[in-house]
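As recorded in Swiss-Prot, the features of this protein are as follows:
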BINDING   Gly28, Arg29, Arg30, Arg31, Ile32, Gly33, Lys34, Thr35  ATP binding site
Amino acid sequence: MFVDREEELKALNEKLDSNNFEFIVIYGRRRIGKTKLALKSVENREHIYYLAVEGDNLKHFKRYASKVEPTIEYAKEDWEAYFNFLKDKIIIIDEFPNLIKENPNVLSLFQRIVDIHLKNTKTKLIILGSSISMMGEKVLSYKSPLYGRKTGVLKIKPLKFKHLKEFFPKAIWEELVEIYGFADGIPYYLEKVKLPFWDYLDKEIKRVDSFLRYEVDFLMKYEFEEPTTYKKILEAIAFGNHTLGEIKNYLGFKHSDLTPYLKNLIEVEFIERQTPITESVKSKKGRYYIKDNFIAFYFRYIFPNLSAIEEGIFDIEEIKADYNQYLGFVFEKVAKEFLIELNKMNKLPFKFLKIGRWWHRGEEIDLIALNDNDKKALFVEVKWKDLKDRDVKKIYRDLYRKSKLVGLDDYEKYYAIVGKKIESKENGDCLLFDLEDFS
């Protein structure tokens, strides 16, 4: 199933239609849909697709390339010789980091190939990579031999929540939020899910060959040689420990420096560091959050229960009992995306320029949307609950109180509540949204 990606596909097709040499880099976490995107762009074009492995790539590549260009059989086993036979062709090399692992000099070889053999041709060279750390350091960095040779870079991100409806047109929005808490916007996981969601999850966990048991190890091996400490940190964050001190206490690492580990997790986009929206990104009030719902789900529910799952005694009810609490955080992400869409359509009281969390001395506001130029602020409370009128009034009063603590005294203030279901949306004090508004 191919969902969304219109902008990426348009950009790729423009490159493929050009009369110039094009060198395009596509990267993003595993399972995100890089290969599908690349192959979709060339489905009606003659091309060479090669998935790099951990050894003997020269031999394997030659075999695949010969199906499109038989004369390559006469080339010696050498990348430079190969590309001499492949001028003006479309060549896709998937998992390019495997070529780098096999031979680090391949970067300089490809630099030479581009500079000497390809730059004045119509060749289209597309390389894909799932190791974000290696693609960043070895391919995209200004220190890379390939720096300055690329004509296009596409970073593939998870699909947005709204696109889940295309995977599950019969699902209600509440069930889509439940699925999103498990699969995020990762196409590979979304394609695995069947409705009803809880029946699927129960069966999947009980499968002896379930992908849930090995998937995160599979993801982490691409980024870390020794993942043990990284796993512990991710588990700590998944259970609500967001400050450096909280993470250290959870792990019992009071005297250890976790900063390098956190920095590495940020680099590969497993986690992100957030600061209150009114503060600098360098603020000491930083908190750490898992970026990917699938990874958060794994470390909250699968990783701590692997033994019980292996023994076949884990009960899905343990997840169900906690899931609404977990979805509180997930729904904040959904609400943020929803408000950004409304903002694009000019359906809010003003056009905001940034949006994020705020916290200070034990007080928190789920989202604040700001336009500092016009001095306008929208304060938002997000509740994964069914809200009656009295609940709305109580939440609004508390949100109004907290808004006075933020320090935006000269700003024009607006208020909003986003809930699972709101009894009545007639409230003159604030904007009210629930899942019905997502349609």
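Every residue gets a Cβ built from N, Cα and C, even glycine.
Since the structure is predicted, the reported quantities are computational estimates derived from the model, not experimental observations.
Taking the binding-site residues Arg29, Arg30, Arg31, Lys34 in turn, the residue surrounded by the fewest other Cβ atoms inside 10 Å of its Cβ turns out to be Arg30. Considering only the binding-site residues Ile32, Gly33, the Cβ with the fewest other Cβ atoms within 10 Å is that of Ile32. Close to the recorded ATP site, the chain also has Ser130, Ile156, Ile186, Pro187, Tyr188: residues not among Gly28, Arg29, Arg30, Arg31, Ile32, Gly33, Lys34, Thr35 whose Cβ is within 8 Å of the site's Cβ mean position. Its Cβ taken as reference, Gly28 (ATP binding site) is surrounded by 20 other Cβ atoms within 10 Å in the chains shown. Taking the Cβ of Thr35 (ATP binding site) as centre and 10 Å as the limit, one finds 17 other Cβ atoms among all the protein chains shown.
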